[in-house]
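Copied from Swiss-Prot, the annotated features are:
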- ALA2: N-acetylalanine (MOD_RES)
- ASP119: Mg(2+) binding site (BINDING)
- SER164, ILE165, ASP166, ARG201, MET208, GLY209, ARG210, GLU264, ARG292, HIS298, VAL299, GLN300, ARG301: substrate binding site (BINDING)
- SER377: phosphoserine (MOD_RES)
- 401-780: region 'C-terminal regulatory PFK domain 2' (REGION)
- ARG470, 527-531, ARG565, 572-574, GLU628, ARG654, 660-663, ARG734: beta-D-fructose 2,6-bisphosphate binding site (BINDING)
- TYR640: phosphotyrosine (MOD_RES)
- SER775: phosphoserine (MOD_RES)
Amino acid sequence: MAAVDLEKLRASGAGKAIGVLTSGGDAQGMNAAVRAVTRMGIYVGAKVFLIHEGYEGLVEGGENIKQANWLSVSNIIQLGGTVIGSARCKAFTTREGRRAAAYNLVQHGITNLCVIGGDGSLTGANIFRSEWGSLLEELVAEGKISETMARTYSHLNIAGLVGSIDNDFCGTDMTIGTDSALHRIMEVIDAITTTAQSHQRTFVLEVMGRRCGYLALVSALASGADWLFIPEAPPEDGWENFMCERLGETRSRGSRLNIIIIAEGAIDRDGKPISSSYVKDLVVQRLGFDTRVTVLGHVQRGGTPSAFDRVLSSKMAMEAVMALLEATHDTPACVVTLSGNQSVRLPLMECVQMTKEVQKAMDDKRFDEAIQLRGGSFENNWNIYKLLAHQKPPKEKSNFSLAILNVGAPAAGMNAAVRSAVRTGISHGHTVYVVHDGFEGLAKGQVQEVGWHDVAGWLGRGGSMLGTKRTLPKGQLESIVENIRIYGIHALLVVGGFEAYEGVLQLVEARGRYEELCIVMCVIPATISNNVPGTDFSLGSDTAVNAAMESCDRIKQSASGTKRRVFIVETMGGYCGYLATVTGIAVGADAAYVFEDPFNIHDLKVNVEHMTEKMKTDIQRGLVLRNEKCHDYYTTEFLYNLYSSEGKGVFDCRTNVLGHLQQGGAPTPFDRNYGTKLGVKAMLWLSEKLRDVYRKGRVFANAPDSACVIGLKKKAVAFSPVTELKKDTDFEHRMPREQWWLSLRLMLKMLAQYRISMAAYVSGELEHVTRRTLSMDKGF
């Protein structure tokens, strides 16, 4: 559907009623989804009902079904679990139970149902929808409802959102709750690492995932675990010997700890369970290592949702409401999923069918097929884990030397990218150098060769272990060229922010003057500002958004306690408003001022009046975000003075400048993983390019496509030549001319109850799940 006009949209919701429920196991981010469905529903003029206690509340009716207003879902976005309750319901699996549920929905005039839950809950919803007509006939026959009512409510629309920490649903890159569960697992691994190192221990960590190894796989990849057990890929026979050999080997190389990660559903080739206690006993008996088991259990479901889960849930929930409004008698029940950074609608039963096929493949011991059916990203994660976990000597030494450096400001995930690039390069037989202190270090000859074990333990470290500088190559080209010649460097991998991109562009433009610069170059965008052209996500921006979000959560709590207080919070990001916008959505801010969305004094007046109106309700707190360079004259101090003066007698005002807090401590699971993947993919690309341009015993690369930025664009990882990106770059303000996340600002304003035109909102199309669509790697 094309963009929708606000008036038409508001009319399309009028007279409709939407019921929202959470079912099955809880997942962090469900509250953000409930909030967004409720507010979007009310926004378009529909009535919204919160159905408490999942399907149980639907069957029992009464007080469990309550009409919601705008304030019903205030201040819940930061809470874990689900505030409307969830239950596993036996009654709904029977025809009588579903008949009672249909009766309760008709009583409230609800014919649109948004179900947030796992595949079981969504399958139940689809059965309910297919039986709807016959259930109403039975209710008419019993005299419980009139024929007129049955005609009025003759059709039930279903839109599903997948809430499950296991990420076990086919057709979506991420389910609601998965990212937060990974946060909990990584927090535990980081904490365990310090005690394990102190005592030279081995830890066996058991994570959730009875039928799906996603959490185990990604946390193993993000922590550099020594061994991994997942149900989709049982270990080869004789694995006990291999595992003990590998653990012994890492210890003999000086490592003080071993980490083994096991999914609770891990099995061997014969389908027999492998338990964490069995693995522990094995290590103790064979190696005599001090070994402990930690079962994470329900810790993984707990805690506050991560920024990714809050934004993902809000985006999907808006799309679900649109899907319900646009549904006709012929549209199938759909589920809203994530593909890259796009929300997509898929037929519910196609996804459920594919999900069941994975299980069937595992039951039939077709394990390779099971991994393929899990999707391209899962398969890619698995292959990268196998590549990086253990050093295998290269088949042959190559003649190539590569150098890796960090440029710009420190960003979380830089070290993960360097580690994986170093190890991939070594496994391909290349000589790998690291350069300290960016281009300046390259000019001064601060270059050293690096080995496999030199980068051990780098994954979870924040900042930049190599040291990073903002200096560009321009003033020191002679010295840089000299050192490239001395060390015989054939390729450069530059991990960094806008300066990394600009620096490589300068080197490429100097190729005509210096033949030594006719080498292969690649930029991995790493900056908290997310302002590098050629990618939708820069490394480090997820950690920065989470750091800003945690600070804002605390600030909001302070405002709640004080009553009638507004906080103005300044975020970093240069001219790029990504941090302010995404943090704003994640914390439910009232406004976020950014450079890309120009505003004038009239807009500020509207905002202040909006805040004054808000203070008359039960929500007596406000939070306004401001990007540091959003306006030359409307500074943070100006906004503080304006809000203080206009709000006099109604609310008072305080400011907070978050500053370098936003560079974050330890990288988030997303950044560790994304960095690891970009490092591997960039190194594989460099290796391939080097082979292509190797002529007569030397490397000569001068084609535009020999110097690229690697990044995630929409649904896939892409390489864009720096010379082609030049025309798409605003060098004055250091950012791309077009930015995908500006479409998220509609959601920010709508959820803060601003009247806006939805003309720019583009709904997701209904697509289909096939083995081909599953095979794409989206980088998650």
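Just so it is clear, glycine is given a Cβ too, placed from its N, Cα and C backbone atoms.
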Between ARG565 (beta-D-fructose 2,6-bisphosphate binding site) and TYR640 (phosphotyrosine): CA-CA distance (Å): 12
PLDDT averaged over the residues of the region 'C-terminal regulatory PFK domain 2' (401-780): 94
Residue pair MET208 (substrate binding site), ASP119 (Mg(2+) binding site) - Cα distance, angstrom, rounded: 17
Count of other CB atoms lying within 10 Å of the CB belonging to GLY574 (beta-D-fructose 2,6-bisphosphate binding site): 20
When distances run from the Cα of ARG292 (substrate binding site) to each of the recorded positions SER377, SER529, GLY574, GLN663, the nearest one: SER377
Residues near ARG301 (substrate binding site) in space but at least six apart in sequence (CB under 8 A): GLY25, ASP26, ALA27, GLN28, GLY80, GLY81, ILE165, GLY177, ALA181, MET208
Which of MET208, VAL299, all binding-site residues, has a Cβ with the fewest other Cβ atoms inside 10 Å: VAL299
Which of SER164, SER377, GLN663, SER775, the listed recorded positions, has fewest other Cβ atoms within 10 Å: SER775
Neighbourhood of ARG565 (beta-D-fructose 2,6-bisphosphate binding site) by C-beta distance under 8 A, where only residues 6 or more apart in the same chain count: SER558, ALA559, GLN620, ARG621, GLY622, PHE651, ASP652, CYS653, ARG654
Rounded to the nearest Å - Cα separation of GLN663 (beta-D-fructose 2,6-bisphosphate binding site) and VAL299 (substrate binding site): 26
By Cα-Cα distance, the member of recorded positions SER164, ARG210, SER377 nearest GLY574 (beta-D-fructose 2,6-bisphosphate binding site): SER377
C-beta crowding around ARG210 (substrate binding site), within 10 angstroms: 12
Rounded distance in angstrom between the Cα atoms of SER377 (phosphoserine) and ARG470 (beta-D-fructose 2,6-bisphosphate binding site): 33
Close in space, distant in sequence - ASP166 (substrate binding site), Cβ under 8 Å, 6 or more apart: GLY118, THR175, THR178, MET208, GLY209, ARG210, ARG211, CYS212, TYR214, LEU215
Largest CA-to-CA spread of substrate binders SER164, ILE165, ASP166, ARG201, MET208, GLY209, ARG210, GLU264, ARG292, HIS298, VAL299, GLN300, ARG301, angstrom: 32
Cα-to-Cα gap, VAL299 (substrate binding site) vs ASP119 (Mg(2+) binding site), nearest whole Å: 22
Spatial neighbours, same chain, of SER529 (beta-D-fructose 2,6-bisphosphate binding site) - Cβ under 8 Å, 6+ residues apart: GLY497, PHE498, SER538, SER541, MET572, GLY573, GLY574, CYS576, TYR578, LEU579, MET735
